[in-house]
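S.K.: Below you will find the structure I want to go over with you.
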């Protein structure tokens, strides 16, 4: 087989892209620690692609299983790791068992063909079928992940190179199956006939790595934003996030008139717990409280730690009767949730203040009313629920439409 210099140059460029991407993803994984696990997968995926392409160029007239079957299997394994990295990046369910099983099946089918140019068509079909499946499923993974952060049309544009790569491999398999005479164009890598396909591989390799890099940075931004909105100890929403959510819910209430309520509660005797058992025990009580309350609230509720031992629940579409019942449920939950600390039981209880939005309220005034109700619960014995006190005329009012 005559080696075309342009084809050889394009193959070298693909190797350069894969090698550079291997190093770039490696740096992102360590020492930058940007999505380290996913970045490590992407780095290894590009390394396997690099090795696979280099082995492919050594085929010539050789009948080596390493240059034929080994090269194809390494390339396919690189594609699988690329998908696994995507799933890890966006916290999607792993498909590694399915992908690995498919990889083994394809490998066994390839072994039915002797390594030679005569078998390149069949080997190309098997390789392309699996590559098409992996890339198309990877495109689906990206669509599911990106739809939660960007609009669907933008997500489709972002994942288009991955989908296009899958479609390209599917078309390649189909053409090789229907017209064996196309083997020089589709099943070789260093001939003049392979140049159009090589150009496509160059563009797709570059584009896919750019998209993955963008995904990793997007995930980093999301993580930073989430950390800015979360309490470092309990993982609950912090005061900053609470204020934003409460303001949004209040504006919706003014617009739609759907009732909402707040439950503010403060752990009883928390200072004594810190003094008697130490601050580590106090932190454990806070975490235990967050976990236990988190198990019984609704998915639509927002659970926040305002600071210290003070917590707030924001309850959308919840009137005063429902809020009272929820508060009683929370009170009972905490009462049954003592903490075993170094062989000693620390009882947990809280005082609850409840308020429901009415006409003329603001987020700040609601918090103030809930705070007064909570302190009334403390003053009247603790471990109890108190509803905010309002004049009768005010409690009967509804938001103006």
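From the backbone N, Cα and C atoms, a Cβ is placed for every residue, glycine too.
The transmembrane segment annotation in TrEMBL covers 6-28, 40-59, 65-84, 96-114, 120-139, 154-178, 198-217. If you look up TrEMBL, you'll see 258-390 marked as domain 'GGDEF'.
Relative to the rest of the structure, where do these features sit?
M.R.: Remote same-chain residues near the transmembrane segment (6-28) are listed as 34-36, 39-40, 42-44, 46-47, 49-50, 53-54, 57, 189-192, 194-195, 198-199, 201-202, 205-206, 209, 213, 216 (criterion: CB distance under 8 Å, separation of at least six residues from the stretch ends).
Below 8 angstroms of C-beta separation, residues 41-42, 44-49, 51-53, 55-56, 58-59, 94-96, 99-100, 103, 106-107, 110-111, 115-116, 119, 123, 126-127, 130-131, 134-135, 137-138, 141, 208, 212 of the same chain, each at least six residues beyond the ends of the transmembrane segment (65-84), sit close to that stretch.
Within the same chain, residues 63, 69, 72-73, 76-77, 80, 83-84, 122-123, 126-127, 129-130, 133-134 sit at least 6 positions outside the transmembrane segment (96-114) and bring their C-beta atoms closer than 8 Å to a C-beta of that stretch.
Under 8 Å from some Cβ of the transmembrane segment (154-178) lie the Cβ atoms of residues 121, 124-125, 128-129, 131-136, 138-139, 142-143, 146-147, 186-187, 197, 200, 204, 207-208, 211, 214, all in the same chain and six or more residues away from its ends.
Sequence-distant contacts of the transmembrane segment (198-217), counting only residues of its own chain at least 6 positions beyond either end whose CB sits under 8 Å from a CB of the stretch, comprise 7, 10-11, 13-14, 17-18, 21, 24, 28, 34-35, 38-39, 42, 46, 49, 82, 85-86, 89-90, 142, 145-146, 158-159, 161-162, 164-165, 168, 189.
Model confidence over the domain 'GGDEF' (258-390) stands at 95, taken as the mean pLDDT rounded to a whole number.
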S.K.: How about long-range neighbours of the transmembrane segment (120-139): same chain, 6 or more residues beyond its ends, C-beta under 8 Å?
M.R.: 68-69, 72, 75-76, 79-80, 82-83, 86, 95, 99, 102-103, 106, 109-110, 113, 159, 162-163, 165-167, 169-170, 172-173, 176-177, 180, 183, 186-188
S.K.: Across the domain 'GGDEF' (258-390), what are the DSSP residue counts per state (helix, strand, coil)?
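M.R.: Residue counts for the domain 'GGDEF' (258-390) by secondary structure: 59 helix, 35 strand, 39 coil.
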